[in-house]
């Protein structure tokens, strides 16, 4: 039925088109016979005998053939006939042709935007279904996706096939517009010829030329704007297609951290990134900068190959028809001079490449710094890292200065070549060929030369853009074809149905296990050492091989425990089961079998949390079952946590779960796996981030609960004693990646001596679980009741305030010199454009000589020489102006960058941890990553370096250009002020509503792009989990939805540009036509003066829109400047002062005295510490215990003045409140639970500023326990030269903690604070570390240890017990154990190892 309806509609459309064509041809015949003769003096209409009926017939024909088809609404045709748009079609798809051509379908949007302060995205025109991402992928993937294409082919050819129709339409419109561009020059020649002596004998009436000045430019506008609209739509579609192509391809690739030593991977076909890059960083570059380069190149590549050649060719032919063979002399001159700017452009590009390299180095440094900004503040390194940044910034600005002055030379040459060419052409025409340079010849050829000049500028602009686009397209193509895929996708790509060499029956029988297989983290065809393995979501470990020599068959329906020392490959075993590692079979009976039919769930060690609500994170797309959900919440110990959030489980957790503690994130990740219906659960050390109360609850209530009963669980854990009661099958791994033992717990214990030692050494307190589960304190500000995070960065409304611009205006020179700077700068620009106008006037003056004198009496040599001299003077004055511009730009760039760096690094720790979400429940500085937006704005000095400076220069110069053009014409024709004022007012009204709408659209575009990148980044961070859960399709659908929202804003943005351009161009063309008519019928100017006036008027009218666009772009860059300015006024810590410098000997000891210390996280927040008083003697070791939320971490931050404090703290006898913060923090070392590492070598991490020798660093590593984890001959041994990926992602969490501990030992502070610094380290290594700390640290070093493991602090000199921010016990361990009914005594007595703990404390029960 649907097909029949479509067939009937198609037939109707065909018949209507045929009828319209017949009527249109008939109208054309009448126009040729009866309208065209009205423009000619020597012809009369052919059908005058018909009288009035002729015009009646023509009117009816015009109405039937043109008006009705143009105004008739179009019928909506769904992209898929069976799936029309749910909310109805877009007006764009149903509007008439007339409305479509003029973009009138946007009128409602523009009108609405002009009445409100900000227009939200939901009020934008809906996205047409032809541009829906899902439809685009279905249309294009068969041509661009290597998997569907089935052959190796460059991405460019696939895109060319997909958009061949659009590219043909673009080429046709561009070529037609290029030919019509000459209509203005042709009309000017005709009008001026009419005004010249004898011009009244012209065969064409002057009103026809005036009409051509109106119609010709309007036709050019329609062609240009529609070709640009086609290019914009194609660009948006390419962005959607390539983004989804990269997203879907990313779901197939193997996750591994790639550092600089992986560059050799390119030889064997594996993907590599830039030095020290990450997969996520590389993909972010591809979908942002590279994709933006491709979109920009898409707009220009057909211009270069179609529009530019047609325009230059037609202009040369036009000049030849006017000036004869002298045109070719000018062309030869141009060809001779053309290589000069080309050579300069290549030179500029080399400097630009050098500048970009320096920029990359600076941005990389800032990236690294902001990733560890909390560590920098805690260590007091702000001043040193600021120096490093400024050093790189200065190197970058040197290249910027050189590039700018090369641009000056290039601009001068590009500006002068057409002018000198024109002078030589006119000189040849008059002196060699004896021609008369009349006004009509001069000004019409002048217009043609201007066209050639613009096209030359276009060539030199477009070539670097296209080169960049080609490089970006090659990068994406390389990523699509050269990245290493998971084995299952490699097999499909190669046409294999199954893994060669693997036995198939095992999986069919439901076996869960591995047999006789070796696993590596890269497919290494050359046989070299495999690349790095992942230890968590998107992270990886040093070079490693997992070797299953026999077989491991996990027990179905039971809990299987995987144990082993740090770095032994426990996580790699889970990754091998999930297919994340490259499997190499050892024999015909090898297999890797994970039954997928019942579903698989995975919980990573580094919890993967989406920026959604807690409930959405747990459900993860599963249907909501209230009873099951509540049971999961209870068994995963989340009830108390949810009760502390006013919005409960509807609370949004922010990027990477920033509002949650590490324990909360671990339990939510566990809850997600438990709630799922998966039969198989892979849990990677989910107990590591939990205190013993919560860990015991999870074991008793969850692992022993009904929700896991009958399900297969593979649990990686260091908590052997805690998990022993639930483990029915145990696999123990050795340091070499091999299975040491497997079987029941008792069997594994007998076979594995290391496991025996670990269990014997484990002094973990297994405490009685109370109903009150651990919870975070209300240390921050309350959540909003709807659970939405109130972000610090919201969409601004209205126009940008002048305060933001004043940041730049006031930075270009010293305060005393600012008035002089702006006066001279603007004055030189005014002089430049007066001279440019003077050049045109002088040409007219030259042409006027032929009106009064014979050609033999005109000294053409004189006029050519004077004209060339004027050009040279113009260049000299412009060079002065440009030099001032460069000076101000460089100074402002340096000044603003320094202020921004000082502001961000000088802000409070609270701001660093909460700038993504202002009002959050808990300020988790010890776990929160640095806010992404800090990096965004720190990486944006290019806005000041280039965009703000360039747009400001353009606006000032454009304003001067416009004013001088109007003033010049008004001086000659005062009445011109009236139409110019009318056009200016109308243009201002149009631009006002346009800019109001466009600013809203631009801000919504920026706001809509962030979720696309956020979802992309979140998915890449959780690739392993997404693949494990089989959630790829759900993530694709979400990506489609987010991309559609972005393209809805993006295409509205492009359509608004076309809307305003058409209207302003029509105004400009009307103004030029009115002036031309007045010059013909009303003015008494000579032909040369009339030509000069027309040239000025055309320059003004054609520049109205570019000036409006410049002003708009300036507003947009001001928006970026406004955001930068906001970061300059964020809350700051006290700055260093001379009186805050401590004595040189300080600190001589680790003596610490605290008196009535009260602390809070914000001025109006609740106190988290209450009048604490205690004293620690130098060299004492103090253990700090208490429930989560008791104030342990808050105390450590208060000692470093990272939060607001009251009371007194004395360190080595000096009150810390009187000391500069950098001095205080550089003499105290704190090691947080989640350590932060820099990308670079291990040496750089231990000693970022090169203060110590290798012997000292190696000794620190030995003391920290690193060497106890690796053997001397181990090929993957970590050394000082080992590369560390950003954030330490190529190390296990335990290894990161060891390195952080070594870094603390290197600092040799008198006060050392350990905040759960060994929580992710196995017990045996922890014992070694604790022994090293006792023996290696100086006797005058005071150590404060926050720990859940009682064995870590039982031999401390004193124990401090905190509860709700109060000290409830503080004494020697033996004294606290003697205190019956005491809190600490209760903790020990509830432990299964209480007698061992008694012995450690020297207490006899």
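Any Cβ shown, glycine's included, is placed from N, Cα and C.
Just so you know, TrEMBL annotations never went through curation; they're auto-generated.
The following features are taken from TrEMBL:
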{"type": "TRANSMEM", "residues": "14-32", "note": "transmembrane segment"}
{"type": "TRANSMEM", "residues": "167-187", "note": "transmembrane segment"}
{"type": "DOMAIN", "residues": "172-468", "note": "domain 'ABC transmembrane type-1'"}
{"type": "TRANSMEM", "residues": "207-223", "note": "transmembrane segment"}
{"type": "TRANSMEM", "residues": "300-322", "note": "transmembrane segment"}
{"type": "TRANSMEM", "residues": "328-348", "note": "transmembrane segment"}
{"type": "TRANSMEM", "residues": "408-432", "note": "transmembrane segment"}
{"type": "DOMAIN", "residues": "532-761", "note": "domain 'ABC transporter'"}
{"type": "COILED", "residues": "745-772", "note": "coiled coil"}
{"type": "TRANSMEM", "residues": "815-836", "note": "transmembrane segment"}
{"type": "TRANSMEM", "residues": "862-888", "note": "transmembrane segment"}
{"type": "DOMAIN", "residues": "944-1102", "note": "domain 'ABC transmembrane type-1'"}
{"type": "TRANSMEM", "residues": "969-990", "note": "transmembrane segment"}
{"type": "TRANSMEM", "residues": "1010-1030", "note": "transmembrane segment"}
{"type": "TRANSMEM", "residues": "1066-1084", "note": "transmembrane segment"}
{"type": "TRANSMEM", "residues": "1090-1108", "note": "transmembrane segment"}
{"type": "DOMAIN", "residues": "1152-1389", "note": "domain 'ABC transporter'"}
So what's near the transmembrane segment (1066-1084) in sequence-distant terms, Cβ-Cβ under 8 Å and 6+ beyond its ends? 184, 187, 191, 194-195, 206-207, 209-211, 213-214, 216-218, 221, 969, 973, 975-976, 979-980, 983, 986-987, 990, 1090, 1093-1094, 1097-1098, 1100-1102, 1104-1105
Mind checking which residues of the chain, 6+ beyond the ends of the transmembrane segment (1090-1108), have their Cβ under 8 Å from one of its Cβ atoms? 184, 188, 191-192, 195, 217, 439-440, 442-443, 446-447, 837, 840-841, 843-844, 847, 955, 958-959, 961-962, 965-966, 968-969, 972-973, 976, 980, 983, 987, 991, 994-995, 1060-1061, 1064-1065, 1067-1069, 1071-1072, 1075-1076, 1079, 1083
What else in the chain is close to the transmembrane segment (1010-1030), if you only count residues 6 or more beyond its ends and a Cβ gap under 8 Å? 243, 247, 250-251, 255, 279-280, 283-284, 287-288, 486, 534, 537-538, 575, 578-580, 596, 599-604, 608, 610-611, 620, 655-656, 676, 678, 682, 1038-1039, 1042-1043, 1045-1046
Using a Cβ cut-off under 8 Å, which residues of the same chain at least 6 positions beyond either end of the transmembrane segment (207-223) come close to it? 39, 101, 173-174, 176-177, 180-181, 183-184, 186-188, 190-191, 194, 1061-1062, 1065-1066, 1068-1070, 1072-1073, 1076-1077, 1080, 1102
Find the member of 14-32, 300-322, 328-348, 815-836 that has more C-beta pairs under 8 Å to the transmembrane segment (408-432) than any other listed stretch. 328-348
Taking residues 6+ outside the transmembrane segment (815-836), which of them lie with a CB under 8 Å of any CB in it? 809, 870, 873-874, 877-878, 880-881, 884-885, 888, 956-957, 960-961, 964
